[in-house]
Each structure stands twice: as structure tokens, then as C-alpha cells.
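Data block below; observations after.
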Amino acid sequence: MNLSEIAYRRVVVKLGTSVLTSGSKQLDKAHMVELARQMAALMRSGVEVVLCTSGAIAAGREHLQYPALPDTMANKQLLAAVGQSQLILAWAQLFSIYGLHVGQLLLTRADLHDRERYLNARDTLNALLANNIIPIINENDAVATNEIKVGDNDNLSARAALLCDADLLILLTDQKGLFDADPRTNPNAKLISQVEKIDDSLRLLAGGSVSGLGTGGMSTKLEAADIARRAGIEVVIASGHHPDVIKKVVAKESIGTHFSAIENPLESRKQWILAGPAAQGSLVLDAGAVKAVTEKGRSLLSKGIIGVKGEFERGATLQLVDQNGKIIARGITRYCGEALGLIAGKHSDEIESVLGYDYGDAIVHRNDMVVL
């Protein structure tokens, strides 16, 4: 691969469970070594690679010889705890064939929620890459009680792409990409090769995972793509079993579904607001506030709030929703939930008289907000 012909310098590759198991109940080591070969070739060409890998629970089942366990959170975490060591060992052995070392990062939502921990994770990623070591990222399923759920590693890979300032995110799955209908049930379904905008009509095309081993579906890949492209990162969803898929995607061959990055990506802090903290509550906005926030780029004022949901403190990340429940923005609140319950719908000049203090007119300042 000719370095001068490669458009990307830092790539995140996400491998779903269905890709790693090839549809079986165990890791497909032969296919994993083929994927490792492609990533190693990129590294030799000067392209830095970050691997976000699923498969810990599948590896745990295999290592324990498929125990008959009740489908509980504790048992999923048991399998993840056993399987994670087997998974990282497998990758370390496979990459060693090509003279490469790996470093493991197990993350939870808490690592992304806290700004300092978020930046520390970024520094670790950059240090590994600077020393020609492949970072291997997975959700810390053994301790993350609300993280073993649909979409977790798809979204995690997008956040990893933001963390390391990647310019390409490759989501490899058991499908060839995004189709205009479900290809599993509709033989006339056509592959969508290019996406410039992710909207509600596109989200309706997404389906769920059918492997039974993974936690992601096409809808979560759209969520991940939307996060990444807002940060200026291109995204490709493609089949992990297409020959030389990683090499071909990086070479910009027409394969899978390509999502263009937005022209004016979010700056670093707004990337964190979008992808870091979990929303701790929501504010329901009237039509005027929705227009002011989404069309005029203004801060959210108390007058435009008609509902407060959740218990949260000042500085929490919130979702801003319209009266139909559609999320229109995310942002950091300057007032706690209890205070907002008292001043919602009131004019800004009434805040101090109602609360006895005033943190400013803006409930969510436009500089602390990401419009979706």
C-alpha cells in the first residue's frame, strides 16, 4: 500500500461479534488473523489504527465450554470478565505475528462522563499510537451495569474516534452496509452507497442484530455515524467478511455505505458534550424556544421551558426536546432541576426574585450546547 496514495492518517476499526464469530458461537481465529493482517498492513503504511472489538461475552462462553447460565446481568458480566482476557490474548497473539504490540483500554460511560478522565483516556490513546502500539478498546462490561445493551460498542467506537482525533471510522458488521429495505427479508433491497445527512427517514431503515451474540444493530451504527461525522470524521459501514475490506475502505474503493463528515465539525469541547456525558435529564421546549435554539443559534432561556424531567444538579448534561419528544439538542445546564422547576416559563428578569440567586439569563448557553 502506497502511503502517498492514502487519504487517512488515523483510523478506528470496529468489529462486531457477528464478524468475529462468523455467525457461530465461538471466535473465528482464522478470520481474526486475516483482519489483523489488514490492520498490520495499514500500520506498516504509516496509518495509525485503533481497534474497537466486541466479542468478550462470546469468548467467555467458548472458554467455559458454553455453560447453561440464566440470562441475567450478573452472568453476562461473568462471561465478559472471563472472555475479555481471552479476547485480548487472542488479539495480542495475532498481531505479534506481524511484529506489533497491543494495549488494552477498557472504558465505561463514567470515563467519558468526567471531562478529566475523558482527557486522560485521550492522552493514553495518543501515547500508544505514538509508540506504534495498537490500542484495543472495549466496553468494561464486567463492571458497567447499564452498558451491556444494544449499541454499546458501536457508540463506543465513535467516541474512541473522537478521543483520538481519527479521520475515518470503519464499522464492520454482518451486512454489506445500509439498505433501503431489510435485505434479510426483501430480495429487492438496494445498498445505499452514500449518505450526506442522517435524518428520521434514514433511521426508519435501520434494523436490529440477528446474531444473538452481539448487542448492536444497524440503528446503533447510524447513531455512531452521526456522532463521528459531526466531529469531522468520515464513516463507512461495510461487511467484515468482504475480502480485504479494511484495505479497500481506506483506499476509498466503493464498498459499503459511506457517510460524509459535516463541513464545519464541532470543536473539541462540544464533541465531548455530544459524546461524553450521559444525559441526566431533559427540558421540554415550546415552539418558540425550539426555533430560537435550532434556527437562530441562541441560548435557551427559562421562558421557553415548559417541562423539566429528571433530578440533576447544576452542570449536568441534558437533552433538549420539543413538545413531541424529539431530541433537538444536548447541553450543559447552569441550574439544577429543582430550580428549573420553579423558573420554567418565567422571564429571565424574574429568576433572582424566585430563587434568591441568579447564574445568568441562559439556562443552557449556546456555547455549552450541541444542536442535533
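In case you wondered, yes, glycine gets a Cβ from its N, Cα and C as well.
Positions annotated as ATP binding site by Swiss-Prot: K14, T173, D174, T215, G216, G217, M218, S219, T220, K221. There are 22 other Cβ atoms within 10 Å of the Cβ belonging to T220 (ATP binding site).
The substrate binding site annotation in Swiss-Prot covers S54, D141, N153 and is backed by sequence analysis. Mapped onto three states, the DSSP output places N153 (substrate binding site) in helix.
What Swiss-Prot lists as domain 'PUA' is 280-358, and the listing cites sequence analysis.
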### Task
Starting from the Cα of T220 (ATP binding site), work out which of the binding-site residues (S54, D141, N153) are within 10 Å.
N153
### Query
Once the DSSP letters are reduced so that anything not helix or strand counts as coil, what is S54 (substrate binding site)?
coil
### Task
Whole-number Å only: compute the distance from the Cα of S54 (substrate binding site) to the Cα of K14 (ATP binding site).
8
### Query
Fewest other CB within 10 angstroms, which one of the binding-site residues D141, D174?
D174
